[in-house]
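Next up is a structure, given as structure tokens.
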Amino acid sequence: MTRNVLIIPGDGIGIEVMAEARRIVEWLNAHRGTAITLTEGEMGTEVWRRTGVPMSDETIEAAKSADAVLFGAVGGDEIIPRPIRRARGLLALRRAMGLYANLRPVKAYEALLDATSLKERVARGVDLVVLRELSSGVYFGEPRFTETLPSGKRRAVDTQVYTEEEIERIARDAFLLARTRRGQVASVEKSNVMETGRLWRDVVTALHAAEFQDVALRHVLSDNFAMQIIRDPRQFDVVVTDNLFGDLLSDASAMIAGSLGMLPSASLGTADASGRRPALYEPVHGSAPDIAGKGIANPIAAILSVAMMLRHSFGLTADAELVEKAVEAALDGGARTADLYVQGGIQPVTTAGMTKAIMEKLEALAV
Ligand code: NAD
Ligand code: IPM
Ligand code: MN
């Protein structure tokens, strides 16, 4: 059995961190028999310069037929015209693959408690998942346009749209996920102001009453949630929210871990008749133009995304845990990239240096 994975490095540090993810996959193939075949797919600014589109039809087709996609990051160069980006960018790929459920786990590692922006006593032990709706909401709602008014001034319109089916689908995933964890769901919306928020709360409440009364459900208004996640993040287990709130709140939550470079993600679609679920794994961060090319990006978000792929797409739980333990052990051993707080006298490691530290722990833990 071979597992076919399309790897799309993209732009900026996406390229750098995916090179490290590849090294981890190759190690797993050599030592754990994971039988993952990596095929490279092109996407991003350089592809657009060469071909006129940032992502070809072949890449889209390859992504749809692969068992999973590993994705780095795109962006950083705003010169790609917006209509082209909209038709052939990351959002188009998510749409084409039907990826509606975006899992973004946030964990406070003991070794990084001095790197978190919170007090140690607030961050210690945090283990939560932001489940972000990924295929609808204001990212895709119509109408969206910019127009020039008779006054000569411009007006821009975006539209937040959610259907009952879309809300119920992501809410069901949240409840099912909570059953495998601590049995708690916080549903985050702005139902005091927004129509979509009102519908969101109604649908989540009804689904909970009908099928998931064993799970503890809380509704939290998004502004309050933004405060609560900083005040006391340990109160949360599974957090289900819409596309835009999920984007913002997961980046903010990254600082509980200590860096955006720590957060992996899994984006999942609907299972087909054979049970196969379309899946794309990517770090939560972007192409980080401010540090690209310097070899200092933190590869952990990318490497933990490989672990999520092993678990969610291939059921290789032991291998996923091995990778996660190796990351933790490398951090315990003092390896820090520059984005993590580095204490006086300690030299930060490079991107490759962090992977080396993780691979040494893989070797040690695998025996
Ligand atoms: P970003 O996530 O790229 O970077 C934000 C900040 O975090 C920067 O200071 C960066 O140096 C730092 N950072 C991020 N990842 C890091 C890592 N692994 N190691 C060390 N530091 C890290 O966000 P941005 O700067 O707002 O966006 C840059 C470009 O990336 C934009 O074009 C944006 O649209 C795009 N983007 C793409 C994705 C994606 O492909 N999934 C995600 C987010 C942003
Ligand atoms: C992310 C990114 C994307 C998003 C951008 C690059 C379109 O911020 O993956 O979190 O907003 O979804
Ligand atoms: Mn984002």
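Each residue's number is its place along the chain shown, starting with 1.
Keep in mind that glycine also has a Cβ here, set from the backbone N, Cα and C atoms.
Unlike curated entries, TrEMBL annotations are predicted automatically.
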TrEMBL has ARG94, ARG104, ASP223 down as binding substrate; which of ARG132, ARG144, ARG182 does it also list for that site?
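Within the candidate list, TrEMBL flags ARG132.
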Out of LYS190, ASP223, ASP247, ALA292, ASN298, which recorded positions lie by ligand 3, with a C-beta less than 6 Å from some atom of it?
ASP247
Determine the mean pLDDT over the domain 'Isopropylmalate dehydrogenase-like' (4-358), rounding to the nearest whole number.
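In the predicted model, the domain 'Isopropylmalate dehydrogenase-like' (4-358) has a mean pLDDT of 96.
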Roughly how many Å lie between the Cα atoms of ARG94 (substrate binding site) and ALA292 (NAD(+) binding site), rounded to a whole value?
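Per the Cα atoms, ARG94 (substrate binding site) and ALA292 (NAD(+) binding site) stand 24 Å apart.
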Considering only the recorded positions ARG132, LYS190, ASP223, which residue has the minimal Cα-Cα separation from ASP290 (NAD(+) binding site)?
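That would be ARG132, nearest by Cα distance.
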Quick one: Cα separation, ALA288 (NAD(+) binding site) versus ARG104 (substrate binding site), in Å?
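Answer for this pair: 19 Å between alpha carbons.
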Enumerate in sequence order the recorded positions ARG94, ARG104, LYS190, ALA288, ILE296 whose Cβ-atom distance to ligand 1 is under 6 angstroms.
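Within range of ligand 1: ALA288.
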